[in-house]
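Reviewing the structure listed below.
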Amino acid sequence: MAALKFCANISWLFTEHPDFSQRIYAAASAGFQAVEAAWLYDSDLSELQKAKEATRVEVVLINTPPGDIKAGDLGLGAVPGRELEFRKGLDLTLKHAKALNCKRIHLMAGRIPVDAHRAAIAREMEDVFVQNLNYAAGILAKEGITGLIEPINTRITDPRYFLDSPHQAAAILEKVGKSNIQLQMDIFHWQIMDGNLTKNMHKYFPIIGHVQIAQVPGRNEPDSDGELCYRYLLNTLEKLGYQGYIGCEYKPLDSTEKSLGWIQQYWTQYS
């Protein structure tokens, strides 16, 4: 079995450094050959490019803009009445993705509006999401970029997030029917949402375009105390033949450097 590939999520790791370009250098120094991030839009794009070129680190994934976080936004892809803002955000993300040669974009669904009930608005939000995903698929296909949708658990992380299970996400992807729009599996969220990780990993493997990891329930490093046995889960991904990157999207219990023992041990195993 081939070794798995890992990327550092520099929105969560190497936060000892205030700037994202500095975090790229830090990730490279720690042994990572790739990074991912949520939102890089407040950083100087030319400095990000310089850091990427100097380190030869691949930028694997970035998210579409969240919207107005202070007003309660967390993505706009499924939010009725915000379609134009979603398209403008996609344009901004695409600009950064092309500049950084990033081939994956997380198309954030967004939250149920504060004044709405999930059951009452779910159908309308799904229709908006499918429409926006079809639009994005056409735009991204021209650049050879894959769009991803990520279910986020509503039990702990975000009670109002629209996309809240792998089953819901798979049904939406079936309606979209575009090969360059795939499923992002964050194992942390999947465990909290549904459990049945082994079954769901096998069931949805054909449509999984990216994986992220963290321990449950604290979202700390994979080898910290928690509910998940990552030795087993990573071995499962190896057996399935997963060839994409695995994003290390976790909150270190101490410094980032001290949290990397598990991955250094994995790299040594395959060196």
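A Cβ is built for glycine as well, from the same backbone N, Cα and C atoms used for every other residue.
TrEMBL: automatically predicted annotations, no manual curation.
Features of the protein shown, as given by TrEMBL:
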- Glu150: active site, proton donor/acceptor (ACT_SITE)
- Glu249: active site, proton donor/acceptor (ACT_SITE)
- 25-265: domain 'Xylose isomerase-like TIM barrel' (DOMAIN)
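Note on the active-site residues Glu150, Glu249: the fewest other CB atoms within 10 A surround the CB of Glu150. In this structure the C-alpha atoms belonging to Glu150 (active site, proton donor/acceptor) and Glu249 (active site, proton donor/acceptor) are separated by 13 Å. On the 0 to 100 pLDDT scale, the domain 'Xylose isomerase-like TIM barrel' (25-265) averages 97 in the predicted structure.
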